[in-house]
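Below: one structure, written as structure tokens.
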Amino acid sequence: MYRISSFKRSAPQLTLGSIALAAVTLTCVYFQAHFAAAAFAYLLVVLLFSLMGSFIASSALCIVAIAALAYYFAPPAFSLRIDDPRDVPVVVAFLIVSVVGTYLIGKLRQEREAARVAAAKLQRSASDLEDREKRWRAIFEHNPAMYFMVDEAGIVLNVNTLGATQLGFACAELLGQSVLDVFLEEDRAFVRKCIQTCLEDVGQSRTWDVRKVRKDGSVLWVRENAKAMLWAGDRPVILMACEDITERKQTELALQRSEAHLAHAQELSHTGSFSWNASTGEAFWSKETFRIFQIDLQTTPAPQLVIERTHPDDRASVKEIIDEAMRDLRDFEHEYRLLLPDGSVKHIHAQARVTRTASGEIEFVGAATDITAARRAEQQLRRSEAYLAEAQHLTHTGSWSWDVHTRDFVYRSAEVDRLFGFNPQEPVSLETIRSRIHPEDLPGLQEVQRQAIDQEHERFEYDFRVILPDGGIRRIHSVAHVVVGSDGNVSELIGTHMDVTEQHAARERLENTLVALRESEQRFRDYAETASDWLWETGPDHRVTHLSEHTSAAGILATGLTGLLRWDIACDMEEEPEKWRQHRATLQAHLPFRDLIYRTVNRMGSPIYVRTSGKPFFDGNGNFLGYRGVSTDITATIRADQAEQELRKAQAELAHVTRVTTLGEMTTSIAHEITQPLAAILSNADACLGWMARDVPNLAAARSSVEWIIEDAIRASEVIRSIRALAKKGEIEMVPLDINQVVRDVSALVTRELVSHQVTLRSELASALPRVLGDRIQLQQVIINLVMNGIEAMDAVTDRPRELLIQSSTDDLGYVQLSVTDCGVGIAENDADRVLDPFFTTKSSGLGMGLSICRSIVEVHGGRISVVQKNGPGATFQFALPLHKEAIS
């Protein structure tokens, strides 16, 4: 076979080689090549073509080449004879090299052919082995599991493509690496221990769940099935088949997180879940349900436990609802109370739905929510509403809202009905209300409202009278403002009605008192001009023996007093017996006395007050002869003191009425300050129920809503406390006060007034001010009066910002000083000295008593109030109060 193949190759080799030699010959002849160069060219052709065929063909080409070399290039030309002896070695060398070269090449070709045949056989064997390996590799690669083969040191010997690609590697990247590198670092010790267990029990399968780490750092869960076996040379290896259980684990973890979140949500929202199989009686309670009912977690839940924990007053209704739900197989929802072992009470809202299990059994699934906090918030809300109603009742102020289009009330508080003499519980028509308004006042009231609507007055006021069913007259002062709708037109009027009957009566009483006071002052002045002291003398028996003639001439004392005892002419024996007992004891002891004051009557029978002092006198032997002394008619002084007390009382009543009136004028602000937190409480309570009613309650939002409810309730309570304090009529209570805190309290009350008048309040309060001794309510009244005056003074200001400045400081004399500065129209120079006087006012309405009352209050506190001239527009009122003694020390 080899010879035939060699012969087949010799013919084309010889033919092509001859053609090549001819071409080389022509080329060398053409270029007149040297003998040696031609020999080298022929040698290359012979050796080149010896690669194609047999040694015989190569030898033939060699002979042809020598003949051509001798014939064409060795002299003589065209002859086979070689004359030049120098060419003979070249020919010999050519022959040796070509023969040896072709032989070696032929030998090499034989060896290559033998190697090729052997390789073909080996290739066929390898192909068979490869086919078998491919079949096993296909099984290994296409198995839907990750396969690893590792040695006893944990080095990866083999891994299928799925095992590598699942981890984001190429197979070559894992071979030779430690299998522990593909496991999560926290799990490597566990895997090492599992591999060691497999090596200890060769042939025994082991299974475990563990986490692996992909090349990109992501984690997947796998279930490892591993078994150790003996490999070549009895060397142990571990075969590991891995199943990806990431989704299953994620589902399990998600379920665990969901259960944990549900448990936290139930704990935060105080909502427990439960289920109850109506057929088997089996029940399930969540942990929060056990906590709500305060029952041990080890206790088997049952409906009877609910009945036992239920408040005795609610037990019958709860049992009835459960029985009806069982009988009719229907959903149920109800609220009831729990009476816990510690005596506390909880309010529970429970609801359940009827479902069917996979086996078709009836089961109730529901939730029980602890709504105790919500119930308490509702109670607080109702209390706040009651506080608002009480505040309006105390100040005799009602609030209302009037729809301009329907020309009827949208809202009116119960106090409005009371002001008109109606029962708030009974419906009242608009015509009935109008019938109570005094006929003389109704047209004017309607005209004021019409002008406010037409001219869109932001704020307007008016007064009218109400005729009560008993015929009495109640005077009402109303403050209101317009509300502009989205269409730019007035849609609503909102305002307040204030009962100022007491204020009006107090004003009349004050005017009458002032008239009487002037008459009394004139009368006392006449008394003072005509009265004088007189001398008197009594005997040993203390009877009057002598009076100066002036008393009779002036008619100071009644006639016929001689011979009477002093207590016989006194008119206050029964009123002050102790005073007279002590005086008689002094006389019996013959001791001097001073400034005994008693009441008697003058010649006209009118009561007078006498102040007398006396001294005993004796004869030369020391015998007691009686008393001599001097008396003074102090009726004018006593009556002046009494008049001053009456005046102070009238001023106190006027101050109280002014406070109440100020509160009435600020009712819109106060109502806003109270209704704003009340509305927030309602909104937050509604939001809380909404958060709780979701399929998955939003506990964080519900908790925030409850916290906001508490904050708003506290804010409303603080506002009402301040209103009650200002409206209260009581004695002056002098206590150490922080004047800055008093300013802050007032700022909270007048916030709405500032907003409605577009006034900005700026406070510059000195820090660490010493305390003053004063009555909080009266000082609040002073500051409110100054602030309200400042606000009203800026109503006409349109060319600059309306700003009110309150400053506190200490002056050089050690007084705490407070000033209120506005940027209004200011005070005329000729009015500055009179602005603090009673009944002086620059307003179109009012008595002019506000600043006078402020001065009286400040002076009672030992302070002073004044008007400070300022360069710019507006006015500054300033008052200073002495420090509290403890602050001085």
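Yeah, the Cβs are placed from backbone N, Cα and C, and that goes for glycine too.
Look at Swiss-Prot and you will find 16-36 (among others) tagged as transmembrane segment. Panel annotation: around the transmembrane segment (16-36), residues 42, 45-46, 48-49, 52, 57, 61, 64-65, 68-69, 72-74, 87, 90 of the same chain, lying at least six beyond its termini, place a Cβ under 8 Å from a Cβ of the stretch.
Swiss-Prot lists 37-57 (among others) with the feature transmembrane segment, giving sequence analysis as the kind of evidence.
Annotation comment: Swiss-Prot describes 60-80 (among others) as transmembrane segment.
According to Swiss-Prot, the transmembrane segment annotation covers 88-108 (among others).
Taken from Swiss-Prot, the feature domain 'PAS 1' applies to 132-202. Taken together, the residues of the domain 'PAS 1' (132-202) have an average pLDDT of 81.
Annotation source Swiss-Prot lists transmembrane segment at 155-175 (among others), citing sequence analysis.
Positions annotated as domain 'PAC 1' by Swiss-Prot: 206-257.
Per Swiss-Prot, the feature domain 'PAC 2' maps to 332-383.
Residue counts for the domain 'PAS 2' (384-456) under DSSP, helix first, then strand, then coil, are 38 helix, 13 strand, 22 coil. If you look up Swiss-Prot, you'll see 384-456 marked as domain 'PAS 2', on the strength of sequence analysis.
Swiss-Prot lists 460-512 with the feature domain 'PAC 3', giving sequence analysis as the kind of evidence.
The domain 'PAC 4' annotation in Swiss-Prot covers 594-646.
According to Swiss-Prot, the feature domain 'Histidine kinase' maps to 669-885.
Long-range contacts of the transmembrane segment (88-108) within the same chain, counting only residues at least 6 positions beyond its ends with a Cβ under 8 Å from a Cβ of the stretch, are 35-36, 39, 42-43, 46-47, 50-51, 54-55, 58-59, 62, 65-66, 69-70, 74, 82.
DSSP assignment over the domain 'PAC 1' (206-257) gives 15 helix, 31 strand, 6 coil.
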